[in-house]
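According to Swiss-Prot, the protein carries these features:
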- 79, 120, 121, 122, 152, 153, 180, 289, 371: thiamine diphosphate binding site (BINDING)
- 151, 180: Mg(2+) binding site (BINDING)
């Protein structure tokens, strides 16, 4: 383990007010020290490295020029917020990032007044910033609002909806487009810096304002013509863009690692801008740390790593990950069925669809951060007889719920939804937890909703989804490795709406939906040791429910517990609805539903989160004993 870096200048900066006391010539040294501090911290905690390293100069420049927190600074997604946290009173806790009771890996309103808006999902910053800018106008307050958004987040329609609205409202909003994909040639040399300063200065902005005042007297048609003439005239020097067509004053691109470029432009915009401004800043992911510069994709999100070599800590898995099992099973099926296609929303590696893209590049589509489009795109493919697998994280499927309902479910189109990161996800906290998919999908008529109990079951569900053409079908599975069961050479086609008995008993029935099955089996051992004969069943389906299985468990056991790593309103609620409608609660059946608690659970290790929720072995046993009026006198086996 390396020693923390020496940071004499950073040691003088606790809050941005301290930063604003520094001379401009000191800022490059401060940037080096912030980078060193961030690299050391993330090497100890893991987290998002590349994005933060890429915005060190930009973050320092913004806090140097603007009066934060009175001026509002909003980061889109939040992957790049670590330098911001270091400079806003949280450096003393930066080595608790993403740990239980530690700093969030994203911006969070409850954490600091310097985080005016929380983030973790993409493309929300401009909308939130516009709301704050309009609030400032209504309050007759001259505070500035700055939204920093990456080029990747600009692939989502919500960002353009906000830009369009901001332009129409002529809002006092500053949008900084952080272009770290190098998709647009980076600016170089003094001429680029000069043009950016010129375009952000009083003369050019005054020319634009004069045009606006003139057209106020001449009607809408003349207004549009003169406004476009002004922007196009400026475009000959600075480059015209679609942002100008939306009503934004566009500046850049400028070098996001040069204070000589950043400071004068930001100061000009601060002092002169009266309407919406977009500053195009080009940065490099991983800037200042050679391993991250050389492999930006591998250093976007990292485990703990060696600062000297860049080597990341890897724990040898005991079993393959659920994501890899899904990917391999899908590739296997795709080799046998050329109607199978894969769709991902900017997460090919995270969802495992990169494996499908390698094997069948023409049948795998990365649509960018555009979940709504992804789902309706899949619906169009399904309408033409293809078998689309729209692989999304549970938390991101939420972004496309209307499309799931309107474009897929109502039309009964056979779109397949592999739902990754179901349940607790650990360090990313409540914004990324896969809590709600079972609840919001199982309410939809005609939807088939499955959950894999282990990696072999997941393989069965992939093949089942391939074979099912009667309507939409989903299957959920968690982050991380499987439980180590024997794997079939190929998955089996499951009977729709049928679960399975895993262990027979007579007094207590544990009905699991998903990967809590392993803990149910362990809990059954402890209950048997306490003299309570226990049945364990794997539901497999939340919709359609296995009515025969549920009736059998209800009629032949004193107690029934449903167990799921999902929210209130999910599988357990579906079971309860069926039991009540069939009168199966009328004869004194004791029933309990174990779910994720109805709170926003903070980051921790998934096993700790399951224990807190009562979804682990000990929690299940404790629930049984309490329901039966017995003290927990028998120790739970370790």
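Cβ coordinates are placed from backbone N, Cα and C, and glycine is handled just like the others.
Between the farthest pair of Cα atoms in the thiamine diphosphate binding residues (79, 120, 121, 122, 152, 153, 180, 289, 371), the distance is 32 Å. The binding-site residues under consideration are 79, 121, 151, 180, 371. Their Cβ neighbour counts within 10 Å are lowest for 151. The secondary structure of residue 121 (thiamine diphosphate binding site), as reduced to three states from DSSP, is coil rather than helix or strand. Geometry remark: residue 371 (thiamine diphosphate binding site) versus residue 151 (Mg(2+) binding site), CA distance 16 Å. The distance from the Cα of residue 180 (thiamine diphosphate binding site) to the Cα of residue 151 (Mg(2+) binding site) comes to 7 Å. The Cβ of residue 152 (thiamine diphosphate binding site) lies under 8 Å from the Cβ of 122, 181, 346, 368, 369, each of these being in the same chain and 6 or more residues away along the sequence.
Residue 121 (thiamine diphosphate binding site) sits 14 Å from residue 151 (Mg(2+) binding site), taking the Cα positions as reference. Each residue contributes its Cα atom, and for residue 79 (thiamine diphosphate binding site) and residue 151 (Mg(2+) binding site) these two points are 13 Å apart.
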